[in-house]
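First up is the structure itself, then whatever we jot down about it.
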Amino acid sequence: MTTTPLIDPFQRAIDYLRVSVTDRCDFRCVYCMSENMTFLPKKELLTLEELDRMCSTFIRLGVKKLRITGGEPLVRRDIMTFFDRMSRHLDSGALRELTLTTNGSQLEKFADGLYAAGMRRINVSMDTLDEKKFAEITRWGRLPQVLRGIDAAQKAGLRIKINAVALKGFNEDELFPMVDWCAERDMDLTFIEVMPMGDIGNENRLGQYWALSDLRNTLRERFTLTELDERTGGPARYVRLEETGQKLGFITPLTHNFCESCNRVRLTCTGELFMCLGQEDNADLRKPLREYPDDDRALENAIRAAIALKPKGHDFDYSRQRLDGQMTRHMSHTGG
């Protein structure tokens with residue numbers, strides 16, 4: 001049976017779903033959450049079986065790429081069961097890619113299993129190569145553990161992209177070392193501007209903000225940057241460093257509107273569907289999922305109704321030294 005694909009009001013095909021499987025994390029990164037973060041009661045979270053049904057419904061409606069996020073997805077109990085279940089959609093060809101964003105803390109344990117489940121690429125969030133600064137930025141993290149995880153992932157056959165948040169006064173001096181380190185290990189690298197989402201305690205996001213336009217100018221002191229006309233439907237813009245052949249990505253939600261080709265929606269660990277990372281509009285998909293356990297039609301209708309409300313663009317704004325666009329929810333809940 002042919003199913004009509006998900007098309008939003010601006011004629012963008014929605015074929016990429018990002019799913020947060022937990023809001024919990026074993027780090028407390030200063031730009032992400034407070035050290036005394038209060039997490040959701042477990043009863044509010046979708047079960048692994050419900051996540052399977054939810055994702056399978058999206059795949060039936062045309063989703064081709066599924067990225068699992070958190071929190072830290074690998075701290076969710078029995079998460080490998082979910083990945084193993086999702087692999088059937090890769091085997092059938094219904095799903096083109098199953099992937100993961102992780103802080104790397106659990107990779108040493110799970111890398112082989114992830115590859116066996118059909119993953120071939122993962123993103124690892126890591127902002128510094130300095131062990132002391134790593135402990136400072138993550139509060140609870142340990143760099144050697146993450147580096148062992150990265151080694152294990154590469155040994156298992158997983159291709160890795162490092163995501164580094166650009167933080168003013170913190171990792172500015174590591175720009176070239178990070179580029180060199182990734183080049184030596186044949187890993188892609190993307191720099192990300194800090195996002196204005198959720199209460200993070202005493203930290204000041206505006207003080208952390210390092211415009212990637214400044215970062216690019218610093219890179220030009222050493223490298224020739226060639227713009228790549230590469231579009232993934234996502235926020236990253238890519239350049240090639242001619243001296244090394246490396247590909248670098250830049251995600252600039254605050255200084256560059258990346259919305260025109262957006263092909264994705266985000267499902268939280270509680271079953272809320274956010275049509276845009278930078279807006280608060282959402283749809284409750286947990287309700288039809290649980291009210292009709294043996295019939296997916298209500299869930300399909302709710303998904304289509306939500307996609308019909310997808311906005312053209314986001315509301316992030318750091319202009320005039322304000323936090324006008326700050327979202328109240330946390331990335332750990334929405335999915336990073």
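Here the Cβ of each residue, glycine as well, is placed from N, Cα and C on the backbone.
What Swiss-Prot annotates here:
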| type | residues | note |
| --- | --- | --- |
| DOMAIN | 9-235 | domain 'Radical SAM core' |
| BINDING | ARG18, ARG67, THR101, LYS161, ARG264, VAL265, ARG266 | GTP binding site |
| BINDING | CYS25, CYS29, CYS32 | [4Fe-4S] cluster 1 binding site |
| BINDING | TYR31, GLY71, SER125, MET195 | S-adenosyl-L-methionine binding site |
| BINDING | CYS259, CYS262, CYS276 | [4Fe-4S] cluster 2 binding site |
Looking only at Cβ atoms, how many others are within 10 Å of the one on THR101 (GTP binding site)?
20
Near CYS25 ([4Fe-4S] cluster 1 binding site) in space, meaning Cα within 10 angstroms, which of the binding-site residues do we find among TYR31, GLY71, THR101, LYS161, ARG264?
GLY71
Between CYS32, CYS259, which of the binding-site residues has its C-beta surrounded by the fewest other C-beta atoms within 10 Å?
CYS259
Among CYS29, TYR31, GLY71, SER125, which are recorded as binding-site residues, the nearest neighbour of ARG266 (GTP binding site) by Cα:
GLY71
Which binding-site residues from the set CYS29, CYS32, ARG67, THR101, ARG264, VAL265 come within 10 angstroms of CYS276 ([4Fe-4S] cluster 2 binding site), judged by C-alpha positions?
ARG264, VAL265
To which of the binding-site residues ARG18, ARG67, LYS161, ARG264, ARG266 does the lowest count of other Cβ atoms within 10 Å belong?
LYS161
So what's the mean pLDDT when you look at the domain 'Radical SAM core' (9-235)?
91
Between the Cα atoms of ARG18 (GTP binding site) and GLY71 (S-adenosyl-L-methionine binding site), find the distance and write it as a whole number of Å.
12
Using Cβ atoms only, which residues of the same chain lie under 8 Å from VAL265 (GTP binding site) while being at least 6 residues apart in sequence?
ILE14, TYR16, LEU17, ARG18, LEU273, PHE274, MET275, ALA306, ILE307, LYS310
Which of these binding-site residues is closest to TYR31 (S-adenosyl-L-methionine binding site) if you go by CA atoms: ARG67, THR101, LYS161, CYS262, ARG264?
THR101
Quick one: what's DSSP say for VAL265 (GTP binding site), helix, strand or coil?
strand
Rounded to a whole angstrom, what is the C-alpha distance between SER125 (S-adenosyl-L-methionine binding site) and CYS262 ([4Fe-4S] cluster 2 binding site)?
22
Just counting, how many other CB atoms are there within 10 A of the CB of TYR31 (S-adenosyl-L-methionine binding site)?
21
Counting across all protein chains present, how many other Cβ atoms fall within 10 Å of the Cβ of CYS25 ([4Fe-4S] cluster 1 binding site)?
24
